[in-house]
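Asks: What TrEMBL shows for this protein is this:
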type: DOMAIN; residues: A:13-533; note: domain 'Cytochrome oxidase subunit I profile'
type: TRANSMEM; residues: A:36-58; note: transmembrane segment
type: TRANSMEM; residues: A:201-229; note: transmembrane segment
type: TRANSMEM; residues: A:263-282; note: transmembrane segment
type: TRANSMEM; residues: A:289-310; note: transmembrane segment
type: TRANSMEM; residues: A:358-384; note: transmembrane segment
type: TRANSMEM; residues: A:396-416; note: transmembrane segment
type: TRANSMEM; residues: A:428-450; note: transmembrane segment
type: TRANSMEM; residues: A:470-495; note: transmembrane segment
type: DOMAIN; residues: A:575-833; note: domain 'Heme-copper oxidase subunit III family profile'
type: TRANSMEM; residues: A:609-626; note: transmembrane segment
type: TRANSMEM; residues: A:701-718; note: transmembrane segment
type: TRANSMEM; residues: A:730-751; note: transmembrane segment
type: TRANSMEM; residues: A:812-833; note: transmembrane segment
């Protein structure tokens, strides 16, 4: 063995020791992005198969008219669960899993910046999914549709626990999606390898960045709506009931404010896969990189302006409908730009034909067809005719299956060698493709016709002789053909792990960095980190993988057994700091389990259990935050700390601050929706009632505001001084902040008790109660975390050389201050002026 | 509209297939750039914008006609339809007639249906007579409907409303105006 | 941190303006229709539509101006990165202006509150 090989083997051993998962059950404590990403993907595929089985049951029932195999009760559960599984438990988590797996590798990082958050997200997803599925096994599954329209889903018309399973389980899963999005966003912005400027990022990163931002802004509306509906169901608060001044339409607004962007959230990463694969198979750089960036950003925004197009039949003024109709058509433009940029890439390249390309072609045909019917649906008069018919079912499956599933499978085939080190089988793969493609079109192409003939959605049976019989029969047969194709795909995937031909390194001759890692994949990706000089590092330098593996890149030496990767400037990608990330930890699993207990406690109405578990979860999370920065279990101060660049916990602007800002963006979206709900009620709720006397009194409100302002300003000043290297009075200042924050929280609490709200009979009071609870939560949270900071200063985990954590916390204080005064204006001043 | 969509689909797909099969010679950067701009601007901007403009030119007037605008010199017949789980309550406020799961209207004249719901959200839809409109508790939506020919039309609930949703149907009987007046009289007397 | 012409915040600023304008347009319409709806006989020519259209023109003007400023500033950036971001941002301002105009078109044709 030569010296070089010996050196390489030594490095691998070292890295395995520091970065490896624990053996046996210890693997559950794994936090590295490769393991977590793969877990997301595999779990998501299992949910996909279950959702597929449900759809087969539905197609069996609908194959012939007037069948009685499945009654309406079960059928309603089936279509509700099918939609729920596919949208919430399959599409988003799998795509996030793919992104979590790929992004660090593509940007030349060793891990995501918050690995424990990723792991916790996975457990939230898994447990939430299992809770939802368990309702199916107990045959008390939700049955009001995946859109859960009120009042059908409220306790009067759905008295069973089905809706509760949905609301709690989905909220649980969404926490996972949002945390994953925050992690991906910060990873892309702050942990790119040296020199990877914004414009040198692989195009996939732009797609994921926009997707992550969309999740961060788009999921909170549904989280809020779910919380409100669950409060209505469990505690009798009035939000969506007309009698107390609520409005069922608010649910639809909040749901579609989430629901429409969600379609694009699942399309964008899939389109990102297409944009990554096509240039590789055309063996030329993607055409129109800048156009694509422009299209993706545009799409991310405009897709938020479409939500009302799901509500064209609720009786909104036609002019307002026309706005949304036009916005819906506008989305066709960025889509068309992408389609034609891809076309131009193929046009100017020499295409190597292979299995992933077949799936991409399938994607193109199906997705363009779905997009065209989408433009038709954006036209209001046409929409009135086919809304809620099988035409829409067909359109939606064309868009989602074509726009998400086909590229996903293309991607799976493309990146399979990366995971297994083996190539997929062309023969079985082709069979699977053709079965899925033919089966799909047979099912859904015909469904357009069925819909135009007037067959509504969500009916469990239909009369013979309306002209729908043979169409439905053929649709059902097509469905089974497609199911066979999916089965064959699964068989192919499983067999290839055993029999696949061994893959060479970079088997497709790709240009992106993820192919520079070892195959099969390791948990640390790179022994040394590359310098990036262009958008196609592997086409520029075919020896790059070799060089990185033999330690000729950056950040080779392991110090103090820390897991480290670069932290870089968000725009230029120049290295700014060394980010140290945590290793294996049980905390995510513990948090996940405790949150699941909270969820189950709420479901079974054992509220004390739920409360106890929440407090325990809070303790675990605080412990988690304790093991950070300068704590001995993280990165305690040492004499040989790297200086240039420094460790991120020694700086004032590390990834944590960016994570906090992203979290607050999600939080702000939730707050904005609450505010929207309030104004919505005031203006359009049909029986809005205002109590005769304003429930909040001015003096305590002002007092609370002044205390909070003092705390936030003091905190701001302390951190500014700390970053200038002045730490005198830091501990005392933090204690004072804590005291002020405590005072503020107590005043809010007093206000809540004093106001004598009647949220069970008035929507006005219900919204007010939620808002006060929101303010109280933030006051308490900021106070508690500041208290911990004060303690950490005393223990020496925070100080002049460790200013990181107070800086992470600073935006929370500013945010709390901001929402307080906005709430004051909206909830106290606005009603006075009305 | 449908044929336009089919043509677009076929053209785009055949272009892609051709692009895959095509073996271009060496391209210099300037030429590649020209090709790129041609496709992206032509296909990505001009194509969708012009088709949208076309769609709107046809779409807006159709939508305009469906508005419940006041009709000059004519009193539009008002009928109240209330959705229940799972049946339809039909009331003629002027004639004080109440019906269940059936609706009688004069053919050749517009009628305004005042739609609301007593429990969950339903949607009123007669596929052969036009668009659907939701029936919401606490609100009243107005749907303008016109049957050009006398006859019997089938309607059903189009918004999922629970276990009885599939069977929540009704019939519309459109009478010639004279027959309708006679029916109104007759139904009135029956009460 | 100053928002220089090649700062990446311009990549999203234009569409943020579009979003806010969209919310104001829809919200303003709903509130106005609730409080003092104009007579439907007036068709599209009434105080509300005129107001909506004026606000649209102001926003479009603003966005076009921003696009122009960025387009002119882009070649002056020191690095290709700055140029790239500047040009893309200018494009996105243009997109926002177009979207604003397109979405507001129906104001010219439809009466507001029915």
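Numbers run from 1 along the shown chain.
Including glycine, each Cβ sits where the backbone N, Cα and C put it.
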Asks: Please tell me whether the transmembrane segment (A:470-495) and the transmembrane segment (A:263-282) touch - that is, whether there are at least 3 C-beta pairs under 8 Å between them, with each pair 6 or more apart in sequence.
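Replies: These two stretches do not touch.
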Asks: Does the transmembrane segment (A:201-229) come close to the transmembrane segment (A:428-450), meaning at least 3 CB pairs under 8 Å for residues 6 or more apart?
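Replies: Contact between the transmembrane segment (A:428-450) and the transmembrane segment (A:201-229): absent.
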Asks: Taking only the residues in the domain 'Cytochrome oxidase subunit I profile' (A:13-533), give me the average pLDDT of this model.
Replies: 92
Asks: Same-chain Cβ contacts of the transmembrane segment (A:396-416) under 8 Å, 6 or more residues past its ends?
Replies: 86, 91, 94-95, 98, 101-102, 263, 266-267, 270-271, 273-274, 276-277, 280, 355-360, 362-363, 365-367, 369-371, 373-374, 422-424, 429, 440, 443-444, 447, 489, 493, 496, 500, 508, 514
